[in-house]
Structure formats: structure tokens, C-alpha cells
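First, the structure itself, so that you have it in front of you.
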């Protein structure tokens, strides 16, 4: 029953995180739009002078803090897919604040994200009891996860040094790919640090171990890199597209990394695993529909838009995947 209680705590923290993070996308984008000087997409940092960007950054930090805590209590298979809720907040706020339209299919996409999230919550595995951060270190140094880390770092290096200069301004998948690949490793580090904090507050100091500080340094470095490339993506492409595509890639890679490292599905039945996969696929369908709404922005009709406001279409000044 301790595992059930922890899952509930993780669930509440994950939902709170989605509210803050979904809002932060819009607030940060407003700051990027208002910035004068070299754009983030061109390597500039003029957005650092914009109060809106800092408000958005603060909101994101609060959301990430709640997300950070959620990983200490619940498995990544439960916490990460709930990030779909941030897409809903982001898409709706983008319509009203940034005048990026949300059409009928976008609303259906939001509903699918909710249905998929509920399905995953109902069938999520219970968190395994971990008594020391050194147990996490042992899991992280197994051969299967080492191979995964090596593949990720090679892929990130190729994207940064080869694809960013050539295709970064026209193919959103480049920036989002970097964020998602690094994000999958970041979540594993966050989970390790979160467990260390949880155990330390419980009276078992984990910060006397080298492994805790290593995971902490890893999280800091990867978070900074993700922030830089996510800002580039937001400044170059439409928020309503960046958010769901980032979610799909990030969630898929994070669940894969979690399966390899924590083996969270080992004690689940086939029906539970299938239900979770169906929930995840439902969420993917929802994000796909949200993505497709960008192609409907240029030809508004009386019946197709559910939320309508005058302004530039979703596809203007943005590249294709």
C-alpha cells in the first residue's frame, strides 16, 4: 500500500507540473516575440532582457520542481506520459494569448490526450522500493543502459555538429531531437537525485555518496543544454507544434530509457502492459491531431474552428517536420 500512496503523491505532483509547464511555453514565447536584437534561433540571447521570458522561466522551474518531486515517488511510466496535460494548457493558451488557432481536431486531440493519460494512470506499475542511491547507480551502470547512453550521446553529437548548422532553421526535428534525447537521460538523473533527496529527508543521508553528486551534475548540464535548444525551437517554430512534438519524442525516449534502466514492467501482467501501451498510443494520436491543426489555420471556415481569433496562421514563418 506504500507504493499506492506514493503513486498518488506522484500523480498530484505530475498534474501540477503540467499546469505550470504548459503555461510557461506561452509566457516564454511571448518574451521571445518581444525581444529586440539577435534572435534565439540565430544564437542570440536578447530574450534574457525580457521580463516575460523570466516569468515564463520561473513558471517552468516551478513546474519542473513539481515534476522532479513526482519522479521521486512514482515510476517514469506514470509521470512522463502525464506531460500530455501540459500540451492541452499550452494549446489553449496559445490560441487566446498568441492568436495561434485551435480547431476542432485540436480539441479532439486534447480529449484523446486526457483519455490516454487516465488509462495510463489506472494501470501504472507501483514504484520499487529503493534504499540507497547506490542501487540506482548499479542500475545505471548495467551494460544495457550504458549502451543506450552511448547511442544517445553519439546521436546528440551528430545533431549538434552536423544537422543544426544545415537544417536547424527548417526542420524542427533537429532541435527537438536534441532536447528529447538528452531529456531521456536527464529524467533518469532526476529520478536518482529525487530518490536521494527523499531518502535524505527520511533520515538516510545520500549526499555522502559520490554517485549522488554525479547524478546532480549530470542533471544540471543536460538541463542547460535542453533549455538552449528548446528556446531555439520555440523562437523558430510554432508553439502549438513544438509542444506536442517535443512531448511525443521526449516521452517515447524516456519510457524506453526507464524500461532499460529500472525495468518497471518486469512485475506487470501482459494485460497491464498492453493497457498502458494503448493509453500511450491514444496520447500519440491526440498529439498528432494537435499537430495537424497547424495546416488548417490558413483557411478558416464557419464550422471548422472551435476557437477562433484573427491573426497569423499556424503555418506561417514555420518550417515543416
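Cβ atoms are placed via backbone N, Cα and C, with glycine included.
Feature annotation from TrEMBL assigns transmembrane segment to 7-27, 52-70, 77-98, 104-124, 136-161, 173-197, 209-229, 241-261, 273-291.
Each of the listed features needs to be described in terms of its position in the shown structure.
Nonlocal intrachain contacts for the transmembrane segment (52-70), taken as residues 6+ away from its ends with a CB within less than 8 angstroms of a stretch CB, comprise 9-11, 13-14, 16-32, 34-35, 79, 83, 86, 190, 193-194.
Under 8 Å from some Cβ of the transmembrane segment (209-229) lie the Cβ atoms of residues 132-134, 136-137, 175, 178-179, 182-183, 185-186, 189-190, 192-193, 196, all in the same chain and six or more residues away from its ends.
Within its own chain, the transmembrane segment (273-291) has Cβ neighbours under 8 Å at 77, 81, 84, 87, 91, 105-106, 108-120, 122-124, 240-241, 244-245, 247-248, 251, 255, 265, counting only residues six or more beyond its boundaries.
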